[in-house]
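These come from Swiss-Prot:
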ACT_SITE  T155  active site
ACT_SITE  E157  active site, nucleophile
ACT_SITE  Y179  active site, nucleophile
BINDING   30-35, 55-58, 86-87, 108-112, Y123, K183, H209, R214  NADP(+) binding site
MOD_RES   A2  N-acetylalanine
MOD_RES   Y323  phosphotyrosine
Amino acid sequence: MAQAPAKCPSYPGSGDGEMGKLRKVALITGITGQDGSYLAEFLLEKGYEVHGIVRRSSSFNTGRIEHLYKNPQAHIEGNMKLHYGDLTDSTCLVKIINEVKPTEIYNLGAQSHVKISFDLAEYTADVDGVGTLRLLDAIKTCGLINSVKFYQASTSELYGKVQEIPQKETTPFYPRSPYGAAKLYAYWIVVNFREAYNLFAVNGILFNHESPRRGANFVTRKISRSVAKIYLGQLECFSLGNLDAKRDWGHAKDYVEAMWLMLQNDEPEDFVIATGEVHSVREFVEKSFMHIGKTIVWEGKNENEVGRCKETGKVHVTVDLKYYRPTEVDFLQGDCSKAQQKLNWKPRVAFDELVREMVQADVELMRTNPNA
């Protein structure tokens, strides 16, 4: 079985204790990413003091959280405070955790691109796998085992070559990438700390979740950006990989709420977060073009397949084998029944609405800044 049962007696903030009610201090790794930015917004609205760990960069990489500064122009911090750090540096993690003394830690930082993990396999293992251990060890070193709750961003890529449909918490894992393998280690080390040290630690097994803040090198955002450019006359054609890969796509904004709910639960448990609906990359393309008034018809097979505009006859989509993964994951569909029952969580944003929001946002972005 994939999931190990939780067997811990008592945890911070559970029951009627005062722990956690007085201080609401969250530390987020990966705060500058899609999920981190939505989570920071969500927690600030709930009255948290939010701390984020950011990697040092030659240029500011805080675009997704600029609006959360007290003074965005001057980068003056309010209830959101940023710390330079890295999941590969255990010393800095101990220093930050000891200084902040968070009540909740959300580990969202990762090299999260599956295809790139084949090129950066060792780095992906160091950040996504061992980086999680470094964080957990830092909690122990700082003596915060009994006062902090830990959320680990797990992934549907753990299921890889799926052993059953749909996938739930007890479905056996079969990762098909260095990313999935690194996240598998992270999953089990979280379970181990939960059982060995009674740490309130959970894995959120999140299926694909997108938004206008999705990174430009992820397939959904590549599609929405390219379609927006075609609509504005800035581009004629773009290339994709496996058009028939099927995914369970939700909205990141819905999924960060589930992260928080897991840490408010009385007992630490692992949860699958998903919509239960499956759509192909091909469908995502078709829906995206529909929102700019174009109908895509497909011609040819395999790498010779193209997507042609029915109205104009122009080819807008081609297939390029370089975008295929060495080992493909063809089908992912999550069963979030447990989260619905125990967390009272369910997705709000439907697939069509998600696609429309992404395309509209990218049309506005490309209209004002074509090189964004």
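Just so you know, glycine gets a Cβ as well, placed from its N, Cα and C.
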Q: Quick one: pull the CA-CA distance for R55 (NADP(+) binding site) versus E157 (active site, nucleophile), whole Å only.
A: 25
**Q.** the residue listed as 'active site' versus G33 (NADP(+) binding site) - Cα distance in angstrom
**A.** 16
Q: Based on Cα distances to the residue listed as 'phosphotyrosine', point out the closest of the binding-site residues L108, Q111, K183.
A: Q111
Q. Measuring Cα to Cα, how many angstrom lie between Q111 (NADP(+) binding site) and T155 (active site)?
A. 12
Q: List the residues of the same chain that sit at least 6 positions away from Y179 (active site, nucleophile) in sequence and have their Cβ under 8 Å from its Cβ, in sequence order, or write 'none'.
A: Q111, S112, H113, V114, S117, T124, D128, T155, E157
**Q.** Residues that sit under 8 angstroms from K183 (NADP(+) binding site) by C-beta distance, when 6+ apart in the chain
**A.** A110, D128, G129, S154, T155, E157, L158, P175
Q) Of these recorded positions, Q111, T155, which scores lowest on Cβ atoms within 10 Å? A) Q111
Q.
Tell me the coarse DSSP state (helix, strand, coil) of L108 (NADP(+) binding site).
A. coil
Q: Within 10 Å of the Cβ of L108 (NADP(+) binding site), how many other Cβ atoms can you find? Include all protein chains, please.
A: 26
Q: Report, as a single number, how many Cβ atoms besides its own are within 10 Å of the Cβ of E157 (active site, nucleophile).
A: 24
Q. How many other Cβ atoms are found within 10 Å of the Cβ atom of G30 (NADP(+) binding site), counting all protein chains shown?
A. 22
Q. Counting across all protein chains shown, how many other Cβ atoms sit within 10 Å of the Cβ of the residue listed as 'phosphotyrosine'?
A. 13
Q: Out of G33, R55, give me whichever of these binding-site residues has the highest number of other Cβ atoms within 10 Å.
A: G33
